């Protein structure tokens with residue numbers, strides 16, 4: 001319901017929508033306060049660019065499933081409630097362009113999943129940056145500009161994943177942290193802090209002249225100063241300039257980028273890094289956040305920024321796997337870049353999101369059976385290629401609907417190979433205890449095979465179980481951990497119980513798929529049978545992926 005002309009207040013009765021997960025009302029003309037109580041099932045809330053007033057209620061802390069909260073560009077006021085720390089899944093928080101006052105609550109620094117963006121700009125916040133902010137080691141973007149904050153910035157110097165930082169027009173003081181990231185910050189992101197010093201004791205511009213839009217004015221002012229000052233001051237200025245440049249050169253040398261491209265593309269690493277902003281985020285995964293980036297020649301890429309240097313294993317796995325394979329249903333790795341603090345992967349940009357968003361997003365399963373069948377068959381082909389055509393075979397390790405991306409014509413691509421590994425090494429065959437304990441084999445909760453919970457060896461048959469869960473998800477339109485399932489059952493158990501009770505299997509199908517012609521209904525029920533072969537509790541009882549492909553292809557050729 002965004003980008004309409006909605007007026008009036010948000011009705012308190014919205015709290016009765018117990019299963020509401022996405023609330024998008026941005027860019028309307030809504031007024032009044034934010035309701036004290038919102039559905040606890042909410043995962044995404046965007047009510048930005050409206051005219052909401054009043055305080056942000058402490059009850060916001062009850063939204064424990066929330067991952068993204070955007071209340072920017074309103075007229076909210078009062079203090080930011082400390083209870084927000086209970087939203088421990090929050091990845092993005094935007095409270096910018098409001099009238100919040102008082103100190104920044106230290107609890108914001110205790111949000112363990114805050115990794116995409118924190119925007120507190122254009123408010124009336126006072127005090128210092130809480131020391132707890134040093135724990136936001138996954139945070140990519142931080143905007144504190146246009147407040148009345150004071151103190152030093154040292155608390156931010158160890159945030160290794162920061163891509164963008166704006167602290168302009170506050171009352172910060174002291175020396176700028178002497179790190180490569182801070183040395184490369186544009187002056188426009190530091191301006192307006194009259195007592196803040198950069199390298200060599202040089203003050204930051206008090207009025208924003210460091211921004212590109214004021215380059216001509218800055219040049220004239222600099223020339224006037226040079227003409228009117230003494231030779232001693234000129235020499236001193238030259239000394240400071242040379243010293244600063246030497247520091248920057250040293251920084252570049254110690255933080256050198258390494259980049260490899262597998263396709264002919266024309267861009268620099270700066271073209272990529274400057275676009276890693278919260279507005280360009282298109283998704284998050286187990287190993288990183290993904291941005292949509294348009295390079296100078298007009299081509300659009302998907303760029304994954306790994307969470308931290310600790311993810312070097314996942315980074316190496318994706319390069320090793322995707323750099324050496326090609327398949328029409330596997331996402332194409334275009335190249336990679338890395339330095340001491342950032343690791344980036346460049347992919348083709350796929351405009352239609354994921355299978356998960358198709359089934360559970362705003363459209364809520366709008367795809368017809370034919371389209372869903374084509375998606376599952378394509379991913380089956382991709383897994384069969386990994387398991388049977390690659391030497392040695394490759395296990396994906398994290399098969400789920402979120403990792404199935406959709407191209408311009410809804411063609412499927414298997415993505416996110418951060419957990420992929422080879423499956424034929426001697427250590428895999430003999431050292432099963434270490435094998436099952438490796439953290440990078442964790443997969444995603446809801447899709448993991450039973451052997452993940454035991455000391456059994458993880459093999460490509462675990463991929464097949466996960467694929468079976470995806471088949472059920474496509475057929476039922478339900479997420480594996482759908483909270484509306486009776487008794488909190490997992491999707492697999494719910495379907496299994498339904499079938500064991502001899503009830504009509506058609507009843508478990510997505511309501512949007514029911515009532516089709518008999519041949520299509522027959523295809524769906526046969527696909528359900530294939531799913532349960534894949535979902536066998538014992539790994540040895542599951543079919544090989546090439547056999548799954550054969551069965552799915554046979555289904556489509558049932559007599560019509």
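Cβ atoms are placed via backbone N, Cα and C, with glycine included.
Annotated by TrEMBL as transmembrane segment, the relevant range among 177-198, 199-220, 221-242 is 221-242. Cβ neighbours within 10 Å of residue 305 (ATP binding site), excluding its own Cβ and spanning all shown chains: 23.
On the 0 to 100 pLDDT scale, the domain 'Protein kinase' (276-558) averages 82 in the predicted structure.
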